[in-house]
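What follows is a set of notes on a single structure, which appears directly below.
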Amino acid sequence: MKQKSAKNKLSGEAGFEEYYAGLYGERWQSIKESFAGEGSAVEYHVTGAEKSYFLDSASVLAALCLPLEGATDILDLCAAPGGKTLVLASRMPVDANLSSNERSPERKHRLSVVVETCLPTSISERVKTSCSDGATWCTRQSECFDRILLDAPCSSERHVIADPKYLNSWSPSRIKTVTTEQWSLLSSAYRLLSPEGILLYSTCALCPEENDGMIERLYKKFNKEGDAFALMSPAPDLSEISDFAQITLPGFEQTKYGYMIMPDKQNGAGPIYFSIIKKNKSCAKSL
């Protein structure tokens, strides 16, 4: 109880430092230093598109790790600003359709502009953008997508460090708020995933509660008998996007349930966490 109370008293820049130093030990300093660099931006230009799009190479890798062969109905549940949607759309089979969703009307508008300007018409006409709350989507449909990417809202520590306003207002309660939202989205995404479908969950968070913690919670809710879903190993195929980007894919570190791309080890790329889940059977009994 005392330990929990002390954790809750952490706040602001000093609390942020203490919290993440506690998680990462001596490595925390090198992680922070890697945030100060230019990152690992990649120009992504789909043949025939009006404009290019720039995104972190770690984001490209995460989107590349969702297998799309044989997919027909694909969902990007929290799609703005649109980089991962572009990677998915440029890779999807010619008979597949992509639903690219964003809850915020303003961000959804920006997402639509990216789809319209950074994809050729032959692809963009198969991408439908929508403005909906992904956490409640499962109340309207179920098990209807064979591939889902959930790039969940997260603590985004790299951006917190860069903005004094967010750094000074930081507290552990922020993580609790974020994980509540993440669970609502992840449980909805799982319910929307068809049997034999594949879900890729990702964040740009360093906090384990937002990463492996979410997958562990998914196990406890839907996989008590161990046969409802299984984790997949990443097998990114660079040839799928070789015409669109000159990129060296970053490496990743294995965690209990997924993988981390860490900027201090990957020339500034990341951080990105991702876990790949294949549903083996219907979750109708859990709905």
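Using N, Cα and C of the backbone, Cβ positions are placed for all residues, glycine too.
Annotations in TrEMBL come from automatic prediction, not curation.
As the structure is a computational prediction, the values presented were derived from the model and not from experiment.
For 1-280, the entry in TrEMBL reads domain 'SAM-dependent MTase RsmB/NOP-type'.
Secondary structure at C78 (S-adenosyl-L-methionine binding site), taken from DSSP and collapsed to helix, strand or coil, is coil. As annotated by TrEMBL, S-adenosyl-L-methionine binding site applies to C78, A79, A80, P81, G82, G83, K84, E102, D133, D151.
Here TrEMBL flags C204 as active site, nucleophile. Neighbour list (C204 (active site, nucleophile), Cβ cut-off 8 Å, at least 6 residues apart, same chain): C154, S156, R158, G270, P271, I272, Y273.
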Q | Spatial neighbours, same chain, of G82 (S-adenosyl-L-methionine binding site) - Cβ under 8 Å, 6+ residues apart | A | Y53, S100, R110, L111, V114, V115, C118
Q) What span in Å does the S-adenosyl-L-methionine site cover, taken as the longest CA to CA distance among C78, A79, A80, P81, G82, G83, K84, E102, D133, D151? A) 20
Q) Any idea what the model's mean pLDDT is for the domain 'SAM-dependent MTase RsmB/NOP-type' (1-280)? A) 96
